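For reference, the structure is listed below as structure tokens.
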Amino acid sequence: MSTESMIRDVELAEEALPKKMGGLQNSRRCLCLSLFSFLLVAGATTLFCLLNFGVIGPNKEEKFPNGLPLISSMAQTLTLRSSSQNSSDKPVAHVVANHQAEEQLEWLSQRANALLANGMDLKDNQLVVPADGLYLIYSQVLFKGQGCPDYVLLTHTVSRFAISYQEKVSLLSAIKSPCPKDTPEGAELKPWYEPMYLGGVFQLEKGDLLSAEVNLPKYLDITESGQVYFGVIAL
């Protein structure tokens, strides 16, 4: 073999070596990318499974027995307070309107779906609080009428007569009018209905008196049970 041939072979070998090295590097790069993609997909799949089956992640949302979530801190607080005591020994009252009373709102406890328990009492149309504590107070009324010969303004109020300072104060109140201020003369006398619901949580003292009143009892619809009521629940 001549010297020129040997030199030519060496040059060809030097030219082929970078190509082989480049091909090897490309193969390694593809292998690394493939491995990284596989690990990424596997990790995401594993994380999804763990979250889906509740192995990791935040605690599941608490729910009421009827399936409604506890969406407020107040509801969570009330639930914790209620569960910390035996509900059977808590003061509770639910009174209903006397449908035989004419043009007045009289509360009765000796009726179906009404009760006084664990120290609660009804005296002079007022509920008597038996012990200091946090109480849920609620009341609903339903007004009805026929047409609007005059401007009608309806009010519904829950009040507390505090034993500590001997004064009656309003705890909850609502005002509504079923009629426009200006009723056209000769307008058709259409029937109307106006419900009002009040509810709130209050710190009460033993001996406090609670009352639920309306300004125009003649418009009350008390023909059906469950439409007008007043209640207190210790929390």
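Count begins at 1; order follows the chain as displayed.
Just so you know, glycine gets a Cβ as well, placed from its N, Cα and C.
Between C179 and the candidates C49, C148, Swiss-Prot records a disulfide bond only with C148. With DSSP states grouped into helix (H, G, I), strand (E, B) and coil, the domain 'THD' (91-235) comes out at 3 helix, 77 strand, 65 coil.
Confidence for the domain 'THD' (91-235), expressed as mean pLDDT, is 92.
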